[in-house]
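Student: Below are the features I grabbed from TrEMBL:
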- 17-468: domain 'Major facilitator superfamily (MFS) profile' (DOMAIN)
- 12-31: transmembrane segment (TRANSMEM)
- 83-102: transmembrane segment (TRANSMEM)
- 108-128: transmembrane segment (TRANSMEM)
- 140-160: transmembrane segment (TRANSMEM)
- 172-192: transmembrane segment (TRANSMEM)
- 204-221: transmembrane segment (TRANSMEM)
- 233-256: transmembrane segment (TRANSMEM)
- 276-297: transmembrane segment (TRANSMEM)
- 317-334: transmembrane segment (TRANSMEM)
- 372-391: transmembrane segment (TRANSMEM)
- 412-436: transmembrane segment (TRANSMEM)
- 442-464: transmembrane segment (TRANSMEM)
Amino acid sequence: MTTLTEAKSTRGNVTALMVALLAACVAFQLNASMLSPALVTMGNELNTDQATIGLSQTWFFTAAALFSLFLPRLSDIVGRKKILVGMMLLMAVGSVIAAMAPDVTWLFVGRIIQGVSGPTVPLCLIMLRSAVSNPRKYGTLMGLITAVNGGVAGVDSFVGGYFAENFGFRSIFWLMVALALVATVLIAVLAGESKPAAGTTMDWLGVFFIVIAVGALLTALNEGAKLATAFDAGTLTLSIALTLVAAVAFFAFWTVEKRAKQPMVETVHLRQRSTWAPLLTTTLTMTGIFAVINGIVPAYVQAADPGFGVGPTEMSLIILTPYALLGWLFGPISGRLAPVLGYTKVLRIGLLGSLVALAIIAFLGLNSLPMMIVGTALLGIMYAGTVNIMLNGLGVVLSPQGNPGFLPGMNAGAFNLGAGLSFLVLPAVLVATASLNDDKASYLTVVVVGLAITLAAFAASLLIPKPVDAEVTETEKVTA
């Protein structure tokens, strides 16, 4: 029998809750992004190559995606605060293991354990949703929390680089330990407990099959990405085999969910537009944009030919930092507008703006560094500060009332799936067009392909239903 233990909070309680949730989100985001500029240092100190070190990031994000599938649902049953505290503690444990790692194997172990914190942002949004009933207020606070997920105002990479250069890569993990412990204490002290599905039995068989399905698919994408640089029959065979495993596991998941008395998710929900349309939009959006801003553009700007020969530090200052900072600043604004203008309308405005930004990058930015800066800055506003916020928000407000942790978890998986697809598809296009003997034309083709996929995401967004309960009514607009 399901019991409700949620209660709306007072202003003081919401402020305290926001402090705790922001601490958790900052800890997770720094955990995810601070290592990027330290990968070379990590390889040198652990006496291994960059490809192997890069796998530590791959395993972290894969683990994060898998735990995101079911921990939000489990939190509905055993308690959201309890699960979030557990996630932060395991993040700290993983950080300690990684900081003390004698070799790369133990680094992998630490990063995988850290991956338990994967659903931090969706779980924080669920907790906020249960505490704040006012749509305007929730939208603003949602935007603030989600904006952190796009980067902590661009300083995360600089902090990671500084610590790695001056104190070694292990210092970054010790900083993560401190941040995770601070977040743990704040959540334990300031956050209230809520478990709307208390008494429900967790569908562990369904969890097993969906984790196998998504895990196999993500691993297939990671293996397939290797084919972009060099063809290998064994790698191709493994990718195909893993894809088949994913298909079989998903079929088994569907079968189990249809027969389970208390399923992880009712199959009727999977058929609804409120489920598959936002998941499709998230996947396509990430596929079209993620590798462009996190891989293609930085590589082009740093290339002496055909790019601009900009160094990595300067590139971060003029490209990545403005992108992250603008996303962080505009997140609360788009969150505030969402319940007034409509979540889907703000999402589509953001997607259209992202299309314009990609067009500027493709047709003007490849020839002009100032226009490249303009294009990526606009992408920071429209994608990081608008689209990313709305997709995360829709995952919460469109989730079924009886299963509020379901869609945010699946949506987190869609984010990771789209990111993996992006780094598979777009670099593959770059390699495939190398025969043109015109590097600039290859980069142009890649960004245009990203633009086309983002256009498909816009088309998919037209199918997402309005989350009426999370938006301000016409009467409320007039009286506001």
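Cβ coordinates come from backbone N, Cα and C, glycine included.
All annotation found in TrEMBL is predicted automatically rather than curated by experts.
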Student: Go through the chain and flag residues at least 6 beyond the ends of the transmembrane segment (412-436) whose CB is under 8 A from any CB in it; none is fine as an answer.
Tutor: 61-62, 64-66, 68-69, 72, 118-119, 121-122, 214, 217-218, 221-222, 224-225, 227-229, 279, 282-292, 295-296, 391, 395, 442-443, 445-446, 449-450, 453
Student: Per-residue pLDDT averaged over the domain 'Major facilitator superfamily (MFS) profile' (17-468) comes to what?
Tutor: 89
Student: Which residues of the chain, 6 or more past the ends of the transmembrane segment (172-192), have a CB below 8 A from one of its CBs?
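Tutor: Sequence-distant neighbours of the transmembrane segment (172-192): 7, 9, 13, 16-17, 19-21, 23-24, 26-27, 30-31, 34-35, 38, 81, 84-85, 88-89, 91-92, 95-96, 98-99, 110, 114, 117, 127, 131, 159-160, 163-164.
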Student: Give me the stretch from 204-221, 317-334, 372-391 with the greatest number of Cβ pairs under 8 Å to the transmembrane segment (276-297).
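Tutor: By the under-8 Å Cβ criterion, the transmembrane segment (276-297) pairs most with 372-391.
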Student: Most CB pairs under 8 Å with the transmembrane segment (372-391): which of 83-102, 204-221, 317-334?
Tutor: 317-334
